[in-house]
Amino acid sequence: MAERAALEELVKLQGERVRGLKQQKASAELIEEEVAKLLKLKAQLGPDESKQKFVLKTPKDFDIAGNFDPMIPDAECLKIMCEILSSLQIGDFLVKVNDRRILDGMFAICGVPDSKFRTICSSVDKLDKVSWEEVKNEMVGEKGLAPEVADRIGDYVQQHGGVSLVEQLLQDPKLSQNKQALEGLRDLKLLFEYLALFGIDDKISFDLSLARGLDYYTGVIYEAVLLQTPAQAGEEPLGVGSVAAGGRYDGLVGMFDPKGRKVPCVGLSIGVERIFSIVEQRLEALEEKVRTTETQVLVASAQKKLLEERLKLVSELWDAGIKAELLYKKNPKLLNQLQYCEEAGIPLVAIIGEQELKDGVIKLRSVTSREEVDVRREDLVEEIKRRTGQPLCVC
């Protein structure tokens with residue numbers, strides 16, 4: 001019991017360290033290393049027999065003997081990732097894939113000591129940010145790897161391509177003799193066949209430098225990055241790194257199973273914060289405001305005691321399918337109403353005043369250009385639809 005209590009305390013402290021690093025926005029490499037330590041501690045801790053046991057379930061078509069195709073879920077995850085990134089319209093992207101078994105096999109045949117696999121892996125993962133010479137200097141100068149071993153690694157990790165590269169490496173006299181690497185290459189070849197059937201193989205690149213430092217990955221790993229396009233006026237280079245990532249982690253969930261059963265798992269995550277930063281930066285470059293509402297028009301008043309008239313007009317617009325709103329104050333100042341539209345990104349303001357009521361018109365104001373025009377009340381709905389791109393009424 002005392003030993004378990006000590007382990008639980010270590011898990012608690014390590015968990016607090018990981019949360020602290022995330023709050024401090026520490027480097028992704030450091031966070032990944034500390035997360036890996038936390039997972040190892042949890043694995044040592046094992047299940048708490050005093051708590052209610054849970055049963056891990058696998059899909060009905062999963063056969064523990066391995067009579068299933070493991071690459072179908074991986075291909076489906078990549079398909080989902082591509083669909084999500086395409087729908088966000090944040091620009092062209094590329095999904096880089098690799099396999100931890102290929103990496104481990106490559107390190108083995110190049111002569112990397114087992115104890116240095118993970119630290120060399122983290123160096124290789126920096127190739128998308130720095131040159132090969134800088135990576136090599138780190139491996140040799142800081143991590144004590146022999147220069148000739150680093151050169152052999154360099155011959156592999158600077159390669160990228162499609163299924164043709166997979167087939168080329170399957171014929172590699174050294175790599176193909178490593179059992180782990182051979183399994184990974186065969187699975188990747190099958191994966192590319194499915195990606196072609198899904199119609200997304202042109203978005204996928206086999207990249208031998210992709211390492212993803214987390215220890216719990218056991219097979220295919222992938223990471224989506226935005227492709228740099230010529231900067232528009234006022235735009236700065238987008239240095240946000242990957243916008244989505246994932247992979248296969250067949251050994252992770254089984255850590256928490258009392259019987260230690262193997263549970264196949266594959267998943268992906270989308271970098272929401274990074275995507276937000278991209279969208280915000282592009283809007284700033286275009287001098288556009290982020291809309292916080294779908295409202296198309298604000299019904300406003302120019303004088304006091306016109307709440308009933310505002311309510312009548314907003315009701316008419318709602319009935320016509322216009323997304324409209326009004327401020328709830330009885331007598332809001334016109335300036336405050338206009339400022340609200342600017343802050344929320346509402347494009348139009350329908351202004352009611354005493355003179356407008358007498359003339360049977362509504363003053364329609366464009367928030368961006370500040371131009372105003374008097375529109376007959378019976379024509380207001382059609383004018384708003386015309387300006388907002390809605391289908392006009394055919395009578």
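Note that Cβ sites are derived from N, Cα and C of the backbone, with glycine treated the same way.
No curator has checked TrEMBL annotations; they are predicted automatically.
According to TrEMBL, the features are:
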- ASP63, ARG212, TYR216, TYR217: L-histidine binding site (BINDING)
- 276-303: coiled coil (COILED)
- 3-59: domain 'WHEP-TRS' (DOMAIN)
TYR217 (L-histidine binding site): tally of other CB atoms within 10 A of its CB: 23
So TYR216 (L-histidine binding site), by the Cβ count within 10 Å over all chains shown, scores 19
